[in-house]
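Feature annotation from TrEMBL assigns transmembrane segment to 53-72, 78-97, 109-129, 157-175, 206-229, 241-268, 280-302.
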Amino acid sequence: MKRSHLLCGLAVLALAAALPLYTQGYGNRLANTAVISAIAVIGLNFVFGYAGLISLAHAAFMGVAAYLVAVLTTTHGWNPWLAALLAIAATCLVSYITGRILLRLKGHYLALATLGLNVSFTIVVSNWIDITGGTNGISGIAPLTLGAIKLDDEPSFYLFSLAVLTLLALLAARIRHSHAGRTLMAVRDDELASAMTGLPVTEVKVAAFTLGAAYAAVAGCLFAFHIRFVSPEDFNFSHSIIYLAMLVVGGEGSIVGAILGAVSVTLLPELLRGVGNAYLLVFGVLVLVILIVLPRGLISLIDPATYRRRGKRRGRRAVVHGGSLS
């Protein structure tokens, strides 16, 4: 990593950590929402940005983790940390199993299949009233604690979630620049050539799908502990579409772009509240303008030279000599 990039990242992190000093109430709540969304979108970046798989089930994986946390802490009295660990592990297992089945499909068939998965999840949690509370959801989720510190207020939870985002972003960057990351992108760029060089293409896709779901699970746990209430509406298919829009607006294939997209799409509707009922129309037009003017996303504003080079390289066949995603 370049020294200038590192210093820039540290400066942005310091400014983000100081945000609670300048915002109050709803502003802090919005900041928490943006951070949680950023974690989810970084996960989706593994699936769509690196592996080239169109998944519209991301919100469902968040929901699996969030509902498990809610049920385990409210009904069974589990420790929140243990509940979160089990929820993340269970979500990874669910995504692995569904990935083995659905990733036989490609393109719009895969998109429709994952969309159906998300719709099915919403139907199940809406009707499994004895466990999930149905459309009324589950309330009274226990807050996270760090020793004697209870993370039950917006500023403290924001600092915690920001720390989690930072760690997961660094982990994602390490994976991106590892052999595993190069393998993902090789499969994305030319699946046939990757298979001919001996790469286990299906296993690579499933690994990317599961890794993305793991990030979604962390985001789902944080969502449950932040809002302390979950309902089917929080994880319907429209949220999966929003997460995909965040990634495209920010810049697919970029961790910083994923964060930029999550923050922008979260904050932009709030900044447009002043235009009244027309804000949805204005919001949609602005998103379209961004996609037309900056087809590679907002990240191209920060490092245009890099993304021009990436654009020229797109379409070239990736050559990988053996190996697998580990």
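Cβ from N, Cα, C; glycine included.
Note that the structure is a prediction, hence the values are computed from the model and not measured.
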The transmembrane segment (109-129) in contact with the transmembrane segment (206-229), cutoff 8 A, at least 3 CB pairs, sep 6+: no
Among 53-72, 157-175, 241-268, 280-302, stretch most in contact with the transmembrane segment (206-229) (C-beta, under 8 angstroms): 53-72
Among 53-72, 241-268, 280-302, stretch most in contact with the transmembrane segment (157-175) (C-beta, under 8 angstroms): 241-268
For the transmembrane segment (280-302), sequence-distant contacts whose Cβ falls under 8 Å of one of its Cβ atoms, 6 or more beyond its ends: 245, 248-252, 254, 256-257, 260-261, 264-265, 268-269, 272, 310-311
